[in-house]
Structures are given as C-alpha cells and as structure tokens.
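Read the structure below first, then the notes.
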Amino acid sequence: MRLYFRKLWLTNLFLGGALASSAAIGAVSPKTYKDADFYVAPTQQDVNYDLVDDFGANGNDTSDDSNALQRAINAISRKPNGGTLLIPNGTYHFLGIQMKSNVHIRVESDVIIKPTWNGDGKNHRLFEVGVNNIVRNFSFQGLGNGFLVDFKDSRDKNLAVFKLGDVRNYKISNFTIDDNKTIFASILVDVTERNGRLHWSRNGIIERIKQNNALFGYGLIQTYGADNILFRNLHSEGGIALRMETDNLLMKNYKQGGIRNIFADNIRCSKGLAAVMFGPHFMKNGDVQVTNVSSVSCGSAVRSDSGFVELFSPTDEVHTRQSWKQAVESKLGRGCAQTPYARGNGGTRWAARVTQKDACLDKAKLEYGIEPGSFGTVKVFDVTARFGYNADLKQDQLDYFSTSNPMCKRVCLPTKEQWSKQGQIYIGPSLAAVIDTTPETSKYDYDVKTFNVKRINFPVNSHKTIDTNTESSRVCNYYGMSECSSSRWER
C-alpha cells in the first residue's frame, strides 16, 4: 500500500509544527453527503406502543423481558405501516430478539439493557436484524443522552449487541456499551445465507455509540458485508472502533459480500489498537471515505493490513503441519507456503497463508481461483493521533520499538488470569499515527490516500508512519517483561 500525504504530512505538534485542515490544502476535499442518502425515516405509522403499559414488561426486576419485546415487535410489524415502540426508563433483560420490518424502537435515557443469561456456551446477540428474515425500514434509537447496554456483570463472553444481515433502510443510534471484554465486536455488520446466496445490509446509519472496556482484538463495529452505510460519531475504548475487516468464511466460499460506498466521520479510539482498520483478507471491497479520525493512547489512529490468500486443509483429510505445507507447495512451488497453524478438526486441520510474492499469488489464483483482497478508492481526511502509554499492541508490533523504545519501557504482558493466550496482546506506548503493512511493490496492493495527519506529544524519535520499509528488530522479551497491573488491563 502507498500512503499519500498532501503537503507536509505528519508534523509532530510536540516539536512545534502545525498543519492546515484538509479543506485548506485545496486539491482534494471529502465528498459531501446528507443523511437521506443512507436512511429515510417513515412519514406514516399505524401505532405507538409502550413496552411496559401495552406488553407487560417489568423494568424493575431481574426477569427476562425478551418475550414481551418480541411480542411487541411482532404486533407492530403486522401493521401495514408499522409503528413505534417506546421502552420506558428501567432495567430490562433481553437475548435473541428478532427485529422485523417497519418497527421503530425508541429507548428512554435512563434505560439499562442487560443480557439474559443463557449458559449454553453458544454465541449470543441481544438483537438480530435481517438474520432469519428480511427486514426493511427499521430503527433503534436512544432518546436524550442515550441509554446503556451493560455487559459488566455478565459471565457470557460470547456476546454482541447487534448482528445485522439482510436489512435495508435502517438507523441504529445513541447509546453506550459497558463491555466486559467480550470476544466479538459489539455490532456485527454481517452477511446471512438464504436460498443459495448471501445477503447483507444496504442503506443505513450507525452513529453516536461509545463502547467501554472492549477486548483488544474486537471493539465496537466490524463490517463483513455492507453497501452504502454511514458510520458516524463512534468511540471505542480498547480494540478498534471501526474495523473494516472482511474475513467471514461464508463470503470466501460464496465469493460474495464485502463492503462498498462506505462513509465514516468522527471515529475515535482510546487505549486500543486503532480507530479505523482496513483488512480485506480475501474480499474485493469498494470505495471508502473517512473523515475526522482521532486516537488517544492507541497503537495508531489508522491501520491498514494487506490482503492475503489462506488455504485450508480438507476436512476429510488428516494432515500434520508439515504435510499440509508440503501439499500446498506441491501445487504452488517451493517457498510459496508459510508455516501452517491449527484450525480445528481435532487439531488435524491446518491453514497455510500463501507467501506474499506475486509469483506465488498468481499460481494460487490460477489453481484455486482465490487472490488477495483489496479496497477500491480509499481516502482518509483529518487524522489526529495523541501519544499515550496504554495502547493495545500486537506482538509483531513490539519490534518497531527498536528505535523509539529500545529498552521496551512501560510495555507489559497481561497475566494468564487476565488473558490465557499469552503473547497475543501487550499494553504499552503508542507507535505511530498510521500503520501500513501492505506490500508496496505487489500488483495485489491497494492504496489509502491520507490527508492532514497530526501527531501530538509523540517522542522525538518515534515513528511518523510504520510501513514495510520501517526498521524493526526484536528488542522486547516477549514473555519476560513485567505483568500488566489490573488497572492497566481493566482500563
């Protein structure tokens, strides 16, 4: 990937520099848009219901309120023009709610929504939209200062707030999520399988949402399949706020999905990996425009990963790590398979990434019909990264401290009690404003054009950008450094 900077390009404000806004730069400015380009509110409705008064929910106990909410949704959706449901102030418990067409939910500002305990070990979502049925014209919005989704006391780590599938013309807005380091992004903009093809969301707005205490590898939103969506005013503490990482294996099998015509504005990260991430994996994605990105004590503000090809051993064959590597190289050539890693099936299924060389990737495309993913035109305007000491960092990123932090100061390793898979994540100083690990010389590269990037309070010898040409070497003892205190781990 090649990062483009107009006029000066990453001035460190700590050293007294200053940058003009992207509008002042002159040559390039963001596309304009209006809300109605993404979501159109209803002009006529048949009913207005209250969840407590009309359907008997109780916001003052610990009982499951899912049945009452589902009955209300069903009743509204049966009306030709649908209607609005008010969730009045109180504490409610929901799980597995199926949203339907023409239902518009409004939630008062003192509402607390908690997950109903299930305990079956499966993945759970509070609300599913267009997963099992087509949904058209839907909204779920907080009133006033917004409501709270509270996961803090839940023992269920397999939770998400929303999963979106085949939904069109929708708006989700105005609430806070108190997470408990669950192992999903809180809003999954996903795909769903029906009648031999995949379906995904089109025409929507997701905005005014803050997430606290997210797990490093997840965060607020992940997009798999989406067309014409506006993401606005989003903030994730921990992980990634807007993770455009299109890695759903259903999409790989169908060769369908991906994201196109995406707009984002005011995307923020604190104490996490990044505010915005591009990770195409194996999908050909379309155009993306992002404006006003900021990070405080994050690894970076913007992160871009290369697309790649990954080959899985067949489920009906038994392989070792070495035998699957040899099988791939017998098709693609020596040196074209990286070391495989286990992917289930009793420890006998393996995945091997194809080496990031055009000759190897060309053979993989010819042999398997798969090539690295990419994006279309990507422009990111007005990026501000503020240095801090509590960023989420991946193990391979620690090597970039070779010039800026060679003693690996203030980097800690979570204890096994905090995170059992030691070596996956660390907490330490911010690295750069932009991290770009895509190959510059490959024809499978994609470009991110970035305008007006600022760094605040970064040390003098820190990196401006990190890319494939950045010097790196191992300076941290990956497993011998100090343990993270509970205050650093728990935010």
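Note that the numbers count up from 1, one per residue, in the order the chain is shown.
For all residues, glycine too, the Cβ spot is worked out from N, Cα and C.
The disulfide bond annotation in Swiss-Prot covers Cys269-Cys298 (among others). Taken residue by residue with DSSP, Cys298 (disulfide bond) is part of neither helix nor strand, so it is coil.
Taken from Swiss-Prot, the feature disulfide bond covers Cys336-Cys360 (among others), and the record attributes it to experimental evidence. In the three-state DSSP scheme, Cys336 (disulfide bond) falls into the coil class. Counting every protein chain shown, the number of other Cβ atoms lying within 10 Å of the Cβ of Cys336 (disulfide bond) is 22.
Taken from Swiss-Prot, the feature disulfide bond covers Cys408-Cys476 (among others). Using a 10 Å radius centred on the Cβ of Cys408 (disulfide bond) and all shown protein chains, the other Cβ atoms total 21.
Swiss-Prot lists Cys412-Cys484 (among others) with the feature disulfide bond. For the recorded site, Cys412 (disulfide bond), the DSSP three-state label reads strand.
Positions annotated as signal peptide by Swiss-Prot: 1-23.
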Sequence-distant neighbours of Cys484 (disulfide bond) in its chain (C-beta under 8 A, six or more apart): Cys412, Leu413, Pro414, Thr415, Gln418, Ile427
Most crowded position, judged by CB atoms within 10 A, among Cys269, Cys412, Cys476 as disulfide-bonded residues: Cys269
Where Cys484 (disulfide bond) falls in three-state DSSP terms: coil
In the chain carrying Cys298 (disulfide bond), residues 6 or more apart in sequence that have Cβ under 8 angstroms from it: Cys269, Ser270, Lys271, Gly272, Leu273, Ala274, Ala275, Ala385, Gly388, Ala391, Asp392, Ser430
Local backbone state of Cys476 (disulfide bond), from DSSP in three classes: coil
Pairwise Cα distance for Cys476 (disulfide bond)/Cys336 (disulfide bond) [Å, integer]: 30
